[in-house]
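Worksheet: one structure, shown below.
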Amino acid sequence: MTDPSRLVTPERRGDDLGDAALRPQNLSEFVGQEKARANLQVFIDAARKRKEALDHVLFVGPPGLGKTTLAQIVARELGVGFRATSGPVIAKAGDLAALLTNLEERDVLFIDEIHRLSPAVEEVLYPAMEDFQLDLIIGEGPAARSVKIELSKFTLVGATTRAGLLTNPLRDRFGIPVRLNFYTIEELESIVSRGARVLGTGITADGANEIARRARGTPRIAGRLLRRVRDFASAADAEAIDRKIADHALGALEVDAAGLDAMDRRYLSTIALNYGGGPVGVETMAAALSEPRDAIEDIIEPYLIQCGYLQRTPRGRLLTPHAFKHLGLAEPSREPGQFGLFGGEEEA
């Protein structure tokens, strides 16, 4: 299984609980996602002026980009209550009914990993989202009867890392779909600098840049790296985090200049050395690395693709010349036109 202790995993870890202090409290403090942020501000202002519930919102994007933070900000900007849960926690229709019937007018209900809701729960959610009603079956057999329960008008905010797993009826009920993208180095520098101020740690511009460059476009990882580099700076009695301290700390933590860790380098090296740079199927890679396919597709590969180290093709995974250069390996000779011919997703 993917090691949850990976410093650069975008998934939540136990030590990320300290991130709460680093999170922005409103849209004006939120760095990055400019278009999404601007549109959200318009929709929130309009709903507030009309004193109506905001349309249902769906946040789509890789882990660690701020979906939960934005959901909390939406509720805070609207001045309403906030309830949070996740798809796997809502095991049956009764669990969802208990959540919905306890919402006040215009409250925000946040469901993380909404793509993991069961079909039975989704069926109950549809009329709740559309008509603000619950249609429940009470009893069993001939004595069973349908009961309608009126709900307060609420806003459902869903978050998913895998939009393709959402059913069309569920996706279509979200009036405000918002896609979140990886952050630029400049945006992450601002996030790191703000985080250092919140933590009471001095940091230079080049120190913030060094951490930002290795944060894989992800604020959650930037905050995690900042906390670990701060430990190295404290141990060295340094007044501030500069590039030298950041480089030393991240090198000791095996996070290289491109933000790759040992798992990333192992993935790339396996394709390069064992399969001649590819193409190689994802199932083969899953077996070679003893990792589940989902972990490879959702956690390992997105950043490698973003950086231009990897292509997904109909024939399998294919390393780019950039990947061989990063690994310090000679690129094998390929058939003319083999690289870059296939831009689609792997089918197998």
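Cβ coordinates come from backbone N, Cα and C, glycine included.
Taken from Swiss-Prot as is:
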type    : residues                                                                                 : note
REGION  : 1-183                                                                                    : region 'Large ATPase domain (RuvB-L)'
BINDING : Leu22, Arg23, Gly64, Lys67, Thr68, Thr69, Glu130, Asp131, Phe132, Arg173, Tyr183, Arg220 : ATP binding site
BINDING : Thr68                                                                                    : Mg(2+) binding site
REGION  : 184-254                                                                                  : region 'Small ATPAse domain (RuvB-S)'
REGION  : 257-348                                                                                  : region 'Head domain (RuvB-H)'
BINDING : Arg293, Arg312, Arg317                                                                   : DNA binding site
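Features as recorded by Swiss-Prot, highlighted on the structure.
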residue : record           : Cβ within 10 Å
Leu22   : ATP binding site : 22
Gly64   : ATP binding site : 28
Thr68   : ATP binding site : 20
Glu130  : ATP binding site : 12
Phe132  : ATP binding site : 16
Tyr183  : ATP binding site : 24
Arg293  : DNA binding site : 13
Arg312  : DNA binding site : 18
Arg317  : DNA binding site : 26
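In this structure the C-alpha atoms belonging to Leu22 (ATP binding site) and Arg293 (DNA binding site) are separated by 33 Å. Taken residue by residue, the region 'Small ATPAse domain (RuvB-S)' (184-254) breaks down under DSSP into 51 helix, 4 strand, 16 coil. Tyr183 (ATP binding site) falls within neither a helix nor a strand when secondary structure is assigned with DSSP, and so counts as coil. Taking DSSP states H, G and I as helix and E and B as strand, the region 'Head domain (RuvB-H)' (257-348) has 42 helix, 9 strand, 41 coil.
Put simply, of the binding-site residues Arg293, Arg312, Arg317, the one whose Cα is nearest the Cα of Glu130 (ATP binding site) is Arg293. Per-residue confidence over the region 'Head domain (RuvB-H)' (257-348) averages out at a pLDDT of 82.
Calculated from their C-alpha atoms, the gap between Thr68 (ATP binding site) and Arg312 (DNA binding site) amounts to 29 Å.
For Arg293 (DNA binding site), the nearest of the binding-site residues Gly64, Phe132, Tyr183 in terms of C-alpha separation is Gly64.
The CA atom of Phe132 (ATP binding site) is located 46 Å away from the CA atom of Arg317 (DNA binding site). A coil conformation is recorded for Gly64 (ATP binding site) in the three-state DSSP classification, outside any helix or strand. Distance from the CA of Tyr183 (ATP binding site) to the CA of Arg317 (DNA binding site) is 25 Å.
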